[in-house]
C-alpha cells in the first residue's frame, strides 16, 4: 500500500477531475472537493463530471463532496483550484490541514493581486504544509482517458517527492521528480500567456514560421524571468517549461490558445470570456507576469504585447507591428 493511500483533490474542474481519475487508476482512494453542488452530484451518481469533463467514465473510487472538511483525513492533497481563487480555498482548508501534510499545487498561474506564486500563497495560508508542484504538458481529457502523459513533480524533499510519484504514477501517467519549485511554477504560468500570443498569431493567419518564432522567443522570455527569480535553467528545458509551452501553443484544445485564436479573428475578450465556464488562466496571469518581469528588470516583449491586447490598450494589429518594429539584437539577448 502507498504511503499516500488517500488523496484529496481540491477543485473539480477538468484538470482536478482528470487528476482524481489518475490517482484512482493508481489504486488510491480519492476524495474530490467541488465548489459546485451539481458537479459533485454528477460525479457521485453518474460517475461523470458532466460540466467540465463530459463523456469520461470516472472511477467509482472517486467520492465527490462539497464539504472541504471531508478531506481532513487524506494523506496528501492535490490543490487544483484556479490560481486567482487558491488563497481563499486554502484558507477554508486550513483548519483541517495537519502539520507536514503534502499539498501538491497544480494550478498554473500567478496571483494577480500580490504577484505571488502558488507556493508563496500556500506558505502564507498553510505554513506548516509541505509544498510540491505538479506541472507539465498535459491536457485534462488525455490524462483522464489514460493516454500517455509525462509531467514534472517538483518537491524540495526528494523522499516525499518520490513517495508522491509512487502514489500518483501509472504506466500512462509518468511524473518525473525535480527539486526546483520556482522553475516549475514559472514555466506553467508564463506558457499560458505565450499560448494566447500564439493563438492570436494563428487567428491572424501569420503562418507557421511566425508561430515557431513566438514559441522559441517566448521560451527565452520564460527562461529569463525564471532565472531572475532563482530557478535552474535545466528545469525550463524540461516538461514543465519547454514541454508545456510546446503543447499549449500548438493546439486549440488549450483554453489559452483558443482564446488567442478568437482574439486574432476579431472577437472581443468580453465575448470570449462570457461564453466560458472554465477558467482561462493566462488572461488573469498576464498582468502579473508583466509586472513581475518589470520589477526584476526582465524584458518580455511578447508577454507585454499580449497583456496590452488583453487590457484593451492596444489592438491586435498595433501590438503585432510594435513587436515587429523592435530593434535587431543578439538571439541570446
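Every residue gets a Cβ built from N, Cα and C, even glycine.
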Per Swiss-Prot, which one of 191, 204, 208 shares the sn-glycerol 3-phosphate site with 108, 136, 138, 244, 254, 255, 256? 191
Residue among recorded positions 108, 191 with least C-beta crowding, 10 angstrom cut-off: 108
According to DSSP, which kind of secondary structure is residue 15 (NADPH binding site) found in, if we only use helix, strand and coil? helix
Residue 254 (sn-glycerol 3-phosphate binding site), DSSP three-state class -> coil
Using C-alpha atoms only, work out the spacing between residue 255 (NADPH binding site) and residue 244 (sn-glycerol 3-phosphate binding site) and round it to an integer in Å. 13
Roughly how many Å lie between the Cα atoms of residue 15 (NADPH binding site) and residue 244 (sn-glycerol 3-phosphate binding site), rounded to a whole value? 14
Can you give the largest Cα to Cα distance in Å, as a whole number, for the residues 15, 108, 140, 255, 279, 281 that bind NADPH in the record? 15
Using a 10 angstroms cut-off on Cβ to Cβ distances, just flag whichever of 244, 281 is the loneliest among these binding-site residues. 281
